[in-house]
Amino acid sequence: MNVDWIVHNAREVVTLAGPARPRSGSEQGELGLIEDGAIAVKGDRIVAIGPSGEILRDHVTAPEHCLDAEGGVVLPGFVDPHTHLVFAGTREREFAMRCAGQSYLEIAAAGGGIRSSVRAFRSASDDDILRQSRRRLDRMLAFGTTTAEVKSGYGLDSEQELRALRLIEQLDREHPVDLVSTFLGAHEFPDEYREDRAAYVELVAEKMLPRVAAETQARFCDVFCEQGVFDRDETETILRAAQRLGLGLKVHADEFAPIGGAELAGELRAISADHLLVTTDAGRRALRDGGVIAVLLPGTCFSLGKHAYANARKMIEEGIPVALGTDCNPGSSMVDSMPLVLALACLEMGLSPAEVVTGATVNAAFATGVGADRGRLEPGLRADFQVLAAPSYISLVYHLGGSHVRWVWKDGRRVLSAGDAA
Ligand code: NIG
Ligand code: FE
């Protein structure tokens, strides 16, 4: 068969072949490795994947499109299932304050934190926000990410939240990395509503959400359910309103205090509950019973200088699928590298290299609502994959500090060759 691309002579092809659903328990560690493998691509799809000899025998392409991976690794492009990528300005000084002993919540209570990024977002021009966000997205691609979930949440009024979602959509159109947008109008109480929380919850549920559903491409609604931010009942009001409008649900839950976010996520059958640093036995039970994916963000714990990571081992053992994301944001996790997140998940959370790769591909794809054709390499699925100049997928978490990416394909097009970026 004539194809557009063949990549052959990969020491390992990480396929994640198997059921089209999130993986947990022992399945979380099954990668479907093919040794000395190759992949053939036509249009935006994978047409064949298997041993190099077989693929080269059965398929032909132009010589300049038949590429030798030279013993490297082929694996799905990463799906980053939790980012706040579209923001204006950075918060280096808060990092220095944390190094001097102040906590994230103390800095936030003193007017820093999310609210300072809200002020920056509101006063920045569209062009400025797009330029800054594009650079971050280039770096993500250079680390192997081909799809990312992106939240609004630095606008916190109707016009600014809609602007954020439109900017995400514009970035999605312009950049090879695909973006899936989430409405996070309940990221914080804006300065104007600090004294009237109920009015802000009502504004989000009754005014913002209907416009988000009617005027934007947002697929999900998320709430920062946390002590001092949105409590369990406020979170429920907003998420139920979103559910009635047909949006999928996500929850920032149990990051600092277990106030019922995981239980609520389970009850509402959210697609994911994220962070989960302090989740209780009851919270985990609710997640499992509700079929919720745990999106864990160890880059945040690391960047906040904390040492009590989410209990991923227990979650996997109890049958909760674990996905991993960067949480890329200017405050608690200025991280754009999925490999760094995966290394932290191995070293600080006791996951195996195979489990973290599943967490960054198939499970992350389902947590982003794109699991049907991404996060796995099988004939018929989207040709989104990366080729590493490294002898094993374990190099991702073993050989730290830079990117091993040699090439990246997105929708069947080669969108990055090493040396282009990062
Ligand atoms: O996921 N937790 C809430 N939101 C972000 C922090 C955003 C910020 O500090 O700007 C998070 O960690
Ligand atoms: Fe977040």
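Using N, Cα and C of the backbone, Cβ positions are placed for all residues, glycine too.
Site annotation (TrEMBL, ligand 4-imidazolone-5-propanoate) includes Arg91, Tyr154, His187, Ser332; from Glu12, Glu255, Glu263, the additional listed residue is Glu255. The record from TrEMBL ties His82, His84, Asp327 to Zn(2+), and of the options His8, His252, His404 it ties His252 to that site too. Put simply, of the binding-site residues Tyr154, Glu255, Asn329, Ser332, the one whose Cα is nearest the Cα of His82 (Fe(3+) binding site) is Asn329. Of all the binding-site residues in the record (His84, Arg91, Tyr154, His252, Glu255), the one with the smallest CA separation from Asn329 (N-formimidoyl-L-glutamate binding site) is His84. Checking the binding-site residues His82, His252, Asp327, Asn329 against ligand 1, the ones with a C-beta less than 6 Å from an atom of that molecule are His252, Asp327, Asn329. For the 4-imidazolone-5-propanoate site, whose binding residues are given in the record as Arg91, Tyr154, His187, Glu255, Ser332, the maximum C-alpha distance rounds to 20 Å. Across the domain 'Amidohydrolase-related' (73-414), the prediction's mean pLDDT works out to 97. A Cα-Cα distance of 6 Å separates Gly331 (N-formimidoyl-L-glutamate binding site) from Arg91 (4-imidazolone-5-propanoate binding site).
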